[in-house]
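> One structure, as structure tokens, below. Some questions next.
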């Protein structure tokens, strides 16, 4: 009996040792061979699941050399049966943590006949059934909640809303085009109230070309076909016969529109987002015909600065009355001429345009800022009027964008333009940025008489382009999050981003402060040095009604795009939905006060009065820029991405990284 008891004791001891050794081998094997943690193996890997204590006992006992001794002893048999029944009892009565459920949960597994199996019978079945593999469990703080489901639903609803709003903008474009097509097809602009067309831009059908790539982006093939067919049948003939045109306006609207249409229709392995209209080569050949004549503005000038006007039919360049050219105009030709050289293989276009920038680089500046006039006769700046509004604005825009167009490399031959841009933005922050009272709106003022003259708290609506340009310059077209992850943003970039967002706020409030919700052409701002009474925007509920001053001569609205342009860029870069909401409010105001029932949209004489008096004019840029930027603001960010395209100053997208 003693010998038999010792035998059982020895067996039990060996069983315990075997259990420990088995567990140890399992742990060592896992740590050396699997890229999982021990926790992962515990619940997710069936091949390496830990053996249960009962399985260890059973296998070890059955393989022991002493099993015959034990079975030959009656006491051993009794103790073995007792051990087996004890283990069975523990397994039947034990409830694992995974079996614990809340009061609100229902436990009930149904067999193939639909009968509920519960309690002891269920436990007995579990005893013989292999445990199922469990899915990985999230830690308690990462588990999904009903809030997550609600958030997903909210995101779906938001996406649906912006798709609907994008369609509203598309409908507005179709309405604008329908009026133009009905009453002014082939003319530069529509007079929507009198149902006529007007040719204030040289008679090249500017609205047709300006609107074409907007229709392509929106996927309106019918309009693409109509505009493209008109260009194919009429534009080259007009170019050869028409008289005087402005170099700048013709380049940004007509040449830029043709080149963008060339790329978007598949030219030079472009996007090919439309199959309507003529072949891409039609747009390219027409662009070359026009550019060849525009080059006379460069060749006729005695300096690198081109004359402002061209007579198309005899390809002759002429200076403007007074002899001066606008600084913005001579420095806002380069994106278009560079791209034309890239796709045509003829460098004459790029060489002529880039000589302007090379020359301006050598001229004296005031903290990077330049006067708004320059002489093509002397090649020197004229006057000391520093501003970022009319005649100055797009000079600063193209410093950045021409560099981006070339690939945004510090080693490129255009890197000096980026250096000039950075110096100029430092000058803007130092010399032109001010805040209003009482509420601290940030605005960009003017120095009409130079550094030694008085500061003017005047800001054209045109200046609102700067917000988007600053943001674009900071992240180079990437989102702010991407730029931060890539360690691209230095202190100066962050300062420019802050100014971009502050300025966008001011530009939006120029809309919100008026009775119509539409901005004036020019605003003045209340500062410690400047104030005027009874010249607010009319919306007395606006928080900023005492910050913004709108003079009677400045209260008109021309359907301008600069604010929605910056809202589009800022939304793409910051991903902040408030910019979309602001854009939608502006669009609704356009719909309410400028839509003409018979087709088209009109300008307004006074945004501070209701109902506003209407002007009989629909600018080409309403279709070419304003509606395009609103559509892109509400569209997915993958449509015309900012790290793949630069928009010329008339919103025509041109691809980045030119072919040399």
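Keep in mind that glycine also has a Cβ here, set from the backbone N, Cα and C atoms.
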> Which residue range, 47-69, 70-92, 93-115, is the one TrEMBL calls transmembrane segment?
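The range carrying the transmembrane segment annotation in TrEMBL is 70-92.
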> Do you know which of 132-151, 152-171 TrEMBL annotates as region 'Disordered'?
132-151
> Say you check the Cα of residue 562 (active site) against those of the recorded positions 249, 464, 507, 521; which is nearest?
464
> Which ones in the same chain are close to residue 649 (Ca(2+) binding site), with CB under 8 Å and 6+ residues apart in sequence?
252, 332, 393, 394, 397, 398, 465
> How many other Cβ atoms sit within 10 Å of the Cβ of residue 393 (active site)?
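Result for residue 393 (active site): 25 neighbouring Cβ atoms inside 10 Å.
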> List the Cα distance (Å, whole number) between residue 249 (active site, proton donor) and residue 521 (active site, proton donor).
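Cα of residue 249 (active site, proton donor) to Cα of residue 521 (active site, proton donor) measures 19 Å after rounding.
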> Just to verify a number: CA distance, residue 464 (disulfide bond) to residue 521 (active site, proton donor), in angstrom, no decimals.
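Approximately 11 Å lies between the Cα of residue 464 (disulfide bond) and that of residue 521 (active site, proton donor).
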> In sequence order, which residues at least six apart in the same chain have a CB under 8 Å from the CB of residue 507 (disulfide bond)?
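Set apart from residue 507 (disulfide bond) by at least 6 residues yet with Cβ under 8 Å, we have 461, 464, 467, 519, 562, 563, 566.
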> Return the residues near residue 521 (active site, proton donor), defined as same-chain residues 6+ apart in sequence whose C-beta is under 8 angstroms from its C-beta, sorted by sequence, else 'none'.
460, 461, 554, 555, 556, 557, 558, 560
> Across all the protein chains here, work out how many other Cβ atoms are within 10 Å of the Cβ of residue 562 (active site).
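By my count, 24.
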